[in-house]
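Asker: Provided herewith is a single structure, encoded as structure tokens, for subsequent inquiry.
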Amino acid sequence: MQDPNEDTEWNDVLRAKGIIGPKAKEAEITEDQIQKLMDDAIQRRTDLPLNEGQRDKKIDDMSLDELDELEDSEDEAVLEQYRQRRIAEMRATAEKARFGSVREISGQDYVNEVTKAGEGIWVVLHLYANGVPLCALIHHHMQQLAVRFPQTKFVRSVATTCIPNFPEKNLPTIFIYHEGALRKQYIGPLELRGDKLTAEELEFMLGQAGAVPTEITEDPRPQIRDKMLADLEDKSSDFY
């Protein structure tokens, strides 16, 4: 019996007369199916089992050169699709990771650099004054974090150039912006733990605001007990 899906003039006539139905469409391959075909191809080449966790680690961590080495005539199309997807992902990551350092800005730069930073951009602004040790400490920590989180824009400015007559007692100050809107602020030594603040603690604080994708989930800052409660407990212990 002739295949009704075969491309022949006779079948075209039968379809035109309504005697046979339209040619069945080829099933579209899904991304999951592409992933499965690719995993099967790689497994045949490496002879290593790929479970769900291993697949994510082994495939997604491959460089473009490693993907090139896996290509052969049978699997070239599948691997090429994945290769193009990886290129797109790398380009997207590179586009986001465009900062990587602490930039010095002036009051004139404030609007363009902070409030008009762009869609999806987090900005961490450090207001400082020269000669203030705590400001130097914050700057040191921010330099480390800027390298680790290049998708976040870290800037600093002499406080009085952005806000005239800004009180030095309120330094250092950190403002956190997202898409031009102020999301969080830390004003003065007390809120920033003075000279006890560590880079890990600052990372956690910025992460809580959403400014950096930190993996720190527990607050590393020491828990300070309420002084009044502690005094009451000390006094009550005198009776025993």
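Just so it is clear, glycine is given a Cβ too, placed from its N, Cα and C backbone atoms.
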Asker: Can you tell which of Ser63, Ser236 Swiss-Prot marks as phosphoserine?
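Answerer: Among Ser63, Ser236, the residue Swiss-Prot annotates as phosphoserine is Ser63.
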Asker: Ten-angstrom check, please: count other Cβ atoms within 10 Å of the Cβ of Ser63 (phosphoserine), all chains counted.
Answerer: 10
